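Okay, structure first, notes after.
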Amino acid sequence: MPKRTDISSILIIGAGPIVIGQACEFDYSGVQACKALRAEGYRIILVNSNPATIMTDPDVADATYIEPITPEMVAKIIEKERPDALLPTMGGQTALNTALALEADGTLAKFGVEMIGAKAEVIDKAEDRQKFRDAMDKLGLESPRSRACHTLDEAMEGLEFVGLPAIIRPSFTLAGTGGGIAYNVEEFKEIVERGLDLSPTTEVLVEESVLGWKEYEMEVVRDKADNCIIVCSIENIDPMGVHTGDSITVAPALTLTDKEYQWMRAASIAVLREIGVETGGSNVQFAVNPADGRMVVIEMNPRVSRSSALASKATGFPIAKVAARLAVGYTLDELKNDITGGATPASFEPSIDYVVTKIPRFAFEKYPGSEPLLTTAMKSVGEVMAIGRTFKESVQKALRGLETGLSGFDEVEIAGADDPDNGKEAVIRALGVPTPDRLRVIAQAFRHGLTVDEVNAACSYEPWFLRQIAEIVRQEGWVKAGGLPQTAQGFRELKAQGFSDARLAKLTASTEKAVRAARQALNVRPVFKRIDSCAGEFLASTPYMYSTYEFGALGQIPQCESDPSAAKKAVILGGGPNRIGQGIEFDYCCCHAAFALDQIGVESIMVNCNPETVSTDYDTSDRLYFEPLTAEDVLELLHVEMSKGTLAGVIVQFGGQTPLKLAHALEEAGVPILGTSPDAIDLAEDRERFQQLLNGLNIAQPENAIARSWDEARAEGDKIGFPFVMRPSYVLGGRGMEIIRDHEAMERYIAGAGEISLEHPILLDHYLSRATEVDVDALCDGKDVFVAGVLEHIEEAGVHSGDSACSMPPFSLKAETVEELKRQTVQMALALNVRGLMNVQFAIEEPHSDNPRIYVLEVNPRASRTVPFVAKTIGQPVAAIAAKIMAGESLASFGLKDVPYDHIAVKEAVFPFARFAGVDTVLGPEMRSTGEVMGLDWKRDGETGMGPAFARAFAKSQLGGGVKLPTKGTAFVSVKESDKPWIVEPVKLLQAAGFKVLSTEGTQAYLAAQGVQVEHVKKVLEGRPHIVDVMKNGGVQLVFNTTEGKQALEDSFEIRRTALMMKVPYYTTSAGALAAAQAIAGAPAEALDVRPLQSYAAE
């Protein structure tokens, strides 16, 4: 069927901010869909609240709305734009649930909008647990015994039917949110109540436990002529009980018999037909009982998902692009496969002759109080993917690509394992607990002498995978005993098992450099193979490569398929797996670098190992290497690329800390670095050198010191005086950073921090309390400087910049203060000889007085996480311009002007606290947010100043982050001593808006002295009914709670946690409270209007 001509405009709903379970993969799918449908001539309207995405760039869709993704706001966009169709399958659970709400409330019918890609009844049938189960029964496919329940009483009846342990799965939630495994009745009740609360339809499925079963997924694409293909089979190495997003997975499935595979293939196609998915990709999940082969269907996603991003990158088959075109009427046989240059149609099922391994990355260390346990609710924040010719090569590449300091199956300590009497029991106990380290625990168990059968009994991993790991451990023993192989054949055999030079160095008590020299002396180097989706059957025209050391049965080395070009080229190093502090913002910059190089005729070569991202899409750059970002892997691909053509250099300043760590190794190897020199980057990171630079420029810094021993740290701390901030040098995302307020806190920090040394000193900075923090992003070519953005933080200094809301332009700073910040930024950029991007963080004491004091906190001569937000606000492709400057263009040639604009943008951080029980939500100097949203609004006619526009933009940023500010009700206000003067105005604003205000004794007395009367409520420790009781009874709609000091934090912990669980908006800084009060007073939700991004740029 040719494409539909009865529709001309299509609305695509994005996924919103990056949260656990919904990350960059939806930027990747959204970009593919927009590009594919625009190429077909449709007008594309896009809504997404996340500014750090490529899809929200003004040239990706025809009308781009950076607005909150709520049914009310999307309805306003529909009313304004009148699209013919809505495609809800590209934006994860957020888009599906929003589309269903618009269908249910009659918006789609009212404006004549047709849902394409998946109809409402299809989504409902797939996502509603009971309807899905009924559909499986109809097909004669088994699913686990289960009951759908809408109340706790119904769930208790369901429990009698399924027994304990039981799995609880809420309907219509993302990545297992609210679900879990209950081993006893108390846990069961707790999980069911939470699940019912978090499910938008108040429904949970109580399901028999299939813990320990093998888990598989099938990625299926179907068109309206009923052509179906399996793009990829995926096997979870972790057994059932661990969410598939937290599981280590391999593609293709490696341990299915052909009979089982064919059964699963037929079953997944039958599932799509029965559910009614007519156009597009879906994934179907199965569980297999290893004891008797019983096979059951677990669930399906009727949309593009995290697994489909993995399947796309694993095979080279662009699922999202194909799904988008199927949604407008094409059939699979009418579409060409890009990877083979159109030699095969899209109906040609991909086949692969390599093994892909995905390992998730976790951030439990960022959430003190959370247990690093894996369950059916997803907790990982990122993932790495690696490709090898064998499972061993693939899994070892993935382990080093995680960037958690591993070089392979590094040793891990198991508590009690060395006990001569009970050591074996300790190892078996450790194997039974699903943690992020379980793969290494398995390897360690083999080192302790356990057999494959014993390990299998303890952790339910498939014996085939266990034998592979046992072989790796055995080989490590041989290397330890006999040293490095002396022949090329022997060395190649080792490298073909995936051993990194760094791991071999550890095993032989040598250095990585020495191992590399020995390997290269024997001329043992990897070859590069192409991902072609057809296992070499047709010629691949797309340069999408991975490395391997594989060799033939007779020792012959396979042909290298890299085929580097003779062009002028530049290599962009990506950011690797997502983590807190380094995420999609950096991928955004890497993509822009590739686009910019393309525009100036330089070949772009991308290196990255994150399967979720746009940067690892085969058509983002000219050439793509899917490789771990380690010195060894990068130097090997550069060796091949430099054999032909001219390498202009490597770009290291766009991928966050990951590529910067490689800059020195590259420089030593004689590889040119584009942009700011590694020495200048070092100068900005090196405390003492940077201080000299600032002194020379007469720029102030908070009093600070550097300590190389704990005694020195204590002495320096006493000199600076409390409070001060302590942190290790060279970190991203505020890792290990803490505000120290007394000697006790200092000793606690020292006890938990480990060793410090000459190489790894500790930094101390005087903490500027009540200072306003400001971020400045600038472009520099060594001669001229353009200040792209000045962002005023809403939370005061002391909250990590990545976790603070901020406003651009500044909402309260004086014009002369902003000018002074720009002047100092220009001075530093020129002094550091920056070429490309630079970010400065300032703190301003008494910013509103006649004499504000400006201090520089830090300078980063690289891309910062605010770059995409700044680019969207000023309508300039900041990252792309930076890339062109690095390639030699002058800043002056872009004609950038600092022009005032009549709109205001607010960036707000989004946190995953709800997924980590027992974690305090108070903000501090260590970054804990996973993503961000942008609220954008403009000055209306007749408004004086930006105040009203700021209130609306702030309200939108809260709404986009999932916080709906109340318009009436009761607010609870309790603040620390130093904040009391700053809480009077927010309370007055709330009372004027009709709110009742409750306060604890101290805050109430202070407000009364200022002539503001509020009602008293007891603290938790003062007897009942106390504030938490009132909150649990639904008596509070808004919380302002600020604290300091260990005891006060502990006392008020329950208030913040209850607010989170009851979905009550809460603010833990006085500045955040003021912004919220202004938004409530000045911007009720119905007053919010929508406007496309393109119209702001045209101002």
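Cβ atoms here come from the backbone N, Cα and C positions, even for glycine.
Model, not experiment: these values are computed from the prediction.
Listed features, source Swiss-Prot:
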BINDING   Arg129, Arg169, Gly176, Glu208, Val210, Glu215, Gly241, Val242, His243, Gln285, Glu299  ATP 1 binding site
BINDING   Gln285, Glu299  Mg(2+) 1 binding site
BINDING   Gln285, Glu299  Mn(2+) 1 binding site
BINDING   Glu299, Asn301  Mg(2+) 2 binding site
BINDING   Glu299, Asn301  Mn(2+) 2 binding site
BINDING   Arg727, His766, Leu768, Glu773, Gly798, Val799, His800, Ser801, Gln841, Glu858  ATP 2 binding site
BINDING   Gln841, Glu858  Mg(2+) 3 binding site
BINDING   Gln841, Glu858  Mn(2+) 3 binding site
BINDING   Glu858, Asn860  Mg(2+) 4 binding site
BINDING   Glu858, Asn860  Mn(2+) 4 binding site
DOMAIN    133-328  domain 'ATP-grasp 1'
DOMAIN    691-887  domain 'ATP-grasp 2'
DOMAIN    963-1099  domain 'MGS-like'
REGION    1-403  region 'Carboxyphosphate synthetic domain'
REGION    404-562  region 'Oligomerization domain'
REGION    563-962  region 'Carbamoyl phosphate synthetic domain'
REGION    963-1099  region 'Allosteric domain'
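The binding-site residues listed here are Arg129, Arg727; among them, Arg129 has the most other Cβ atoms within 10 Å of its own Cβ.
Counting only same-chain residues at least 6 apart in sequence, those with a Cβ under 8 Å from the Cβ of Asn301 (Mg(2+) 2 binding site) are Ala126, Ser282, Asn283, Ser307.
Taking a C-beta cut-off of under 8 Å and a sequence gap of six or more, Leu768 (ATP 2 binding site) has these contacts in its own chain: Pro702, Ala797, Gly798, Ala843, Glu845, Tyr855. When the record's ATP 1-binding residues Arg129, Arg169, Gly176, Glu208, Val210, Glu215, Gly241, Val242, His243, Gln285, Glu299 are compared pairwise by CA position, the greatest distance found is 19 Å. Gln285 (Mg(2+) 1 binding site) and Arg129 (ATP 1 binding site) are 14 Å apart (CA-CA, integer value).
Neighbour density for Gly176 (ATP 1 binding site): within 10 A of its CB lie 24 other CB atoms from the protein chains shown. Using a 10 angstroms CA-CA radius around Glu299 (ATP 1 binding site), the binding-site residues that qualify from Gln285, Arg727, His800, Asn860 are Gln285. There are 15 other CB atoms within 10 A of the CB of Glu858 (Mg(2+) 3 binding site), with all protein chains counted.
In this record, ATP 2 is bound by Arg727, His766, Leu768, Glu773, Gly798, Val799, His800, Ser801, Gln841, Glu858; the longest C-alpha to C-alpha distance in that set is 18 Å.
The shortest Cα-Cα distance from His243 (ATP 1 binding site) to any of the binding-site residues (Gln285, His800, Glu858, Asn860) is found for Gln285.
The shortest Cα-Cα distance between Gln285 (Mg(2+) 1 binding site) and any of the binding-site residues Gly176, Arg727, His800, Glu858, Asn860 is the one to Gly176. Break the domain 'MGS-like' (963-1099) down by DSSP state and the numbers are 71 helix, 19 strand, 47 coil. Nearest neighbour of Gly176 (ATP 1 binding site) by Cα distance, taken over the binding-site residues Arg727, His800, Gln841, Glu858, Asn860: His800. The two recorded residues, Arg727 (ATP 2 binding site) and Glu858 (Mg(2+) 3 binding site), show a Cα separation of 13 Å. Taking the Cα atom of each, Glu858 (Mg(2+) 3 binding site) and His800 (ATP 2 binding site) are about 12 angstrom apart. Look at Leu768 (ATP 2 binding site): DSSP puts it in coil.
Val210 (ATP 1 binding site) sits 42 Å from His800 (ATP 2 binding site), taking the Cα positions as reference. Between the C-alpha atoms of Gln841 (ATP 2 binding site) and Asn860 (Mg(2+) 4 binding site), the distance comes to 9 Å.
When pLDDT values are averaged over the domain 'ATP-grasp 2' (691-887), the model yields 90. Other Cβ atoms within 10 Å of the Cβ of Val210 (ATP 1 binding site), summed over all protein chains shown, number 21.
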